[in-house]
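**Q** Let me begin by handing over the structure; questions about it come next.
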Amino acid sequence: MKVLAALALSALALAKPTPPMPGMSLIQTGPQETRWVTDAEKLELTMNNVGFFDITDMPVTASSVTKPKSYAFPGNVSHQADVKPLLGKLSSDHLMSNLQKFSDFPNRYYQADTGVQSAEWVLSQVQGVIGKIQGAKAEKIEHKWKQPSIRAIIPGKSEKIVVVGAHQDSINGQNPKAAAPGADDNGSGSMTILEALTALVSDQKIAGGQATNTIEFHWYAGEEAGLLGSQAVFQQYKQAGKEVVAMLNQDMTGYGKTMGIITDNSDSALTTFTKMILDTYTTAKYADSECGYACSDHASANKAGYPSAFVYEAVLGQDNPAIHSPDDTIDKLDPAKMLEHAKLVVGFAYELAFANL
């Protein structure tokens, strides 16, 4: 009887909640704050810059936070001789050419056909970058919604994983079906990490699988609808027992003068390491900032128990005012600023790829 009772309680705990009305979503706006909302209410939250997790279709465990494991990240850089030549291979012209193509999609909404097409385009670019590397993979991660996430895997000697991520979707806050070029949010971050990946895999040791750790680059679907893609990925990793030792988020890289180092819902030790990378490999100015609960995809990694860091384009309040509108266009962005973010990504990924963690 005790066994049956335990099984019944277990089943109850794992049962998915039922919406009060069809089509509503269960969102989380704080560690202990959940509520059901309509699509219109979700859109209003997005327009008001209120971060939230949409946990409607996530595992029940996704509503709770797993404390990230502590790692002793390097206190010094060790690979300047390898990294600095890679930085010289970064091209702002190439980055901006890719961004122009990416922002030419009418929108990249996660439930739109054009959101699927833009994801397929990202996949084709990634395949072109890593397709000839033995053991490397470029693949789609299918979800319950239309747009897939995209993942690049460059294997190392261990199964410990260093992740660099950016969300690929865009949204028009007034009407999800309307124009949303999303050049800055988040075409800039998506193409920044693509440019960094291109430089990174030109290194023979990285491409030859000689790195200590495996490197993954992610382009997440559905961030604007409640961090959907990144939640799905990191919750799946958590359930599979994968060890992600670090995650760097790049959400908006093209605007502002001083980068914002996000200190909430992130790992303090990894953030300190990230500042060291900025000081060593970039000329960027930066300052600490906060973006609130569930503001971007690093929060999904943090929630799943993985150390994460987020370097934003600016301190909050000095960022691009044109996001979530038809006016988020490429002409407002600074190619040199985006290149500094790409340098950060290359340095971060390379140093941690060879770190003993």
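Keep in mind that glycine also has a Cβ here, set from the backbone N, Cα and C atoms.
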**Q** Among ASP185, ASP251, ASP288, which is the one Swiss-Prot gives for the Zn(2+) 2 site where GLU224, HIS324 also bind?
**A** ASP185
**Q** I'd like to know which of these binding-site residues, HIS167, HIS324, is least surrounded, judged by other CB atoms within 10 A.
**A** HIS324
**Q** May I ask you to report the DSSP-based helix, strand or coil state of ASP185 (Zn(2+) 1 binding site)?
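**A** ASP185 (Zn(2+) 1 binding site) sits in a helix per DSSP.
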**Q** Take the C-alpha atoms of HIS167 (Zn(2+) 1 binding site) and ASN186 (N-linked glycosylation site) and report the distance between them in angstrom, rounded.
**A** 6
**Q** Inside 8 A of the center formed by the CB atoms of ASP185, GLU224, HIS324, which other residues of the chain have their CB, for the recorded Zn(2+) 2 site?
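**A** For the Zn(2+) 2 site the neighbour list reads THR46, ASP169, SER170, ILE171, GLY173, ALA180, GLY182, ASN186, ILE323, ASP328.
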**Q** So, in DSSP terms, is CYS291 (disulfide bond) helix, strand, or coil?
**A** coil
